[in-house]
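Here is the structure we will look at, set down as structure tokens.
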Amino acid sequence: MLFQVVLISGMQWGDEGKGKLVSLLSKDFDLVARYNGGHNSGHELFLDGVKYKLHLLPCGCLYPNTVNVLGNGVVVHLESLINEIDNLTKLGVDLTNRLFISERAHLVFDLHIAVDAQLENEQGEHSTSIGTTKRGIGPTNSTKCKRTGIQIGEMLNWDNFEKLLSKLTYKLCHENKVFTNSDTRDLLNKQLEQHKVNFSKIADSVVDTSYMIQKYIKEGKKVFFEGANGSLLDLALGTYPYVTSSNTTTSGVYNGLGINPNVKILKVGVLKAYQTRVGKGPFPTELFDENFNKLQKFGAEFGVTTGRVRRCGWLDLVAAKYVQNFSGFDLINLSKLDILSQFDEIKLCTHYKHKLTGKLLEEGRYPSCCYQYDEYEPVYKTMPGWKTDISKFKTFEELPQNAQNYVLFIEEYLGVFIYWIGTGRDVNSMIVRT
């Protein structure tokens, strides 16, 4: 790929297979930077027969010549980061002088995680829980907005960090009544001890990453931006309130990494060939029959972070068109097309029809509030399947005609060229069109 700066973002509710494309391309880039999310997201990658599970670390970490960055839009649970680094080390991945963390990235503390679990459990009693991963991401971003959160750069001045963590700990415990006073003191002491040990392992990696990335770009080096979660989970534009607490869309890269908006970026959207979702929230094309069982089984649809079974359904092109409208993707990677090889017929949602009036929702629009999803029903186009193993095919022309037609229909509907097609679980199982 000749473009100097490339961005990859998911077009659904996450789990689109972004990690596979990032991993495939990042070996050709000098720097890979993650701009949002935390250890709530997850990539499961298969490279040369080895399975790698990543949560916080960018996918570029698997290639020895690639520098990796966690930007200021990422929230970092330090213990999880250290564990992830250690796990990769055991698999032969050396991140020495290859991982850098923004001084401005906010820290996720165990107390944030406790608050997250408490809120989910309380809401669950009233059937109002969001279905979060309970990783503390929401409470961390909440304290960030309240200006009581703590940036990782504060740990470079330990005395000041102790004061900030003490203040935050007692404030959160008081507001949420999570612990007694004695438990709070014990938690604070434990957190200080853990963070002193863990921070000593990555202190030299904490830098001004915004400056670093801009320098790479000015020097003409190739830079790759990796988004976490998916566009329909965006705090502002997703299926609110069943969303994450950060900006997951293409526009999030500018704040999440401190990038000049005049930088020319090739924007790549990753779209799974069918629809999945973890946790609660609207899902117009969700399946509950044998087709769900097939998608879930052959697609191995379990959350990498939580292990929860993913909800599955037919591809929702109404949602994808909505995402394309505010994202402006230049190219698309259609992932996991091979999973649909199990079906005699395949459906795609092309419109939402109002249940009372029969009126179709205008193309490019998407419901804003949860109650509106109940007012519409999906309109499907049925296409014939191909019932052929496509995992060994290397060119578009080798695909069965019905598979080609499926790809071309999506391409025409969205008005974006589908450049990559995922045909198997290995990183290299990918058709690249020209």
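Cβ coordinates are placed from backbone N, Cα and C, and glycine is handled just like the others.
The GTP binding site annotation in Swiss-Prot covers 14-20, 42-44, Arg310, 336-338, 422-424 and rests on sequence analysis. Annotation source Swiss-Prot lists Mg(2+) binding site at Asp15, Gly42, citing sequence analysis. The feature IMP binding site is assigned by Swiss-Prot to Asp15, Glu16, Gly17, Lys18, Asn40, Ser41, Gly42, His43, Thr133, Arg147, Asn229, Thr244, Arg308, with sequence analysis given as support. For Asp15, the entry in Swiss-Prot reads active site, proton acceptor, with the evidence type sequence analysis. The active site, proton donor feature in Swiss-Prot is assigned to His43; the stated evidence is sequence analysis. What Swiss-Prot records for Val304, Thr305, Thr306, Gly307, Arg308, Val309, Arg310 is substrate binding site.
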Of Asp15, Asn229, Arg310, which is closest to Leu337 (GTP binding site) if I measure between C-alpha atoms? They're all binding-site residues.
Asp15
Out of these recorded positions, Lys20, His43, Arg308, Arg310, which one has the fewest other C-beta atoms within 10 Å of its own C-beta?
Arg308
Candidates Gly14, Gly42: member of the binding-site residues with the richest Cβ shell (10 Å)
Gly14
Candidates Asp15, Lys20, Glu44, Gly307, Thr423 (binding-site residues) - the one closest to Asn229 (IMP binding site) by CA:
Asp15
Candidate recorded positions Gly42, His43, Arg308, Val309, Arg310, pick with smallest Cα gap to Lys20 (GTP binding site)
His43
Pairwise Cα distance for Val309 (substrate binding site)/the residue listed as 'active site, proton donor' [Å, integer]
15
From the binding-site residues Asp15, Asn40, Gly307, Arg310, pick the residue whose C-alpha lies nearest to the C-alpha of Thr423 (GTP binding site).
Asp15
Hey, how far is Asp15 (Mg(2+) binding site) from His43 (active site, proton donor), Cα to Cα, in Å?
8
Sort the binding-site residues Gly14, Gly17, Gly307, Arg310 by C-alpha distance from the residue listed as 'active site, proton donor' and give me just the closest.
Gly17
Using a 10 Å cut-off between Cα atoms, which of these binding-site residues sit near Gly14 (GTP binding site): Gly42, Gly307, Arg308?
Gly42
When distances run from the Cα of Gly17 (GTP binding site) to each of the binding-site residues Gly42, Gly307, Arg310, the nearest one
Gly42
Measure from the Cβ of Asp15 (Mg(2+) binding site) and count the other Cβ atoms within 10 Å, all protein chains considered.
28
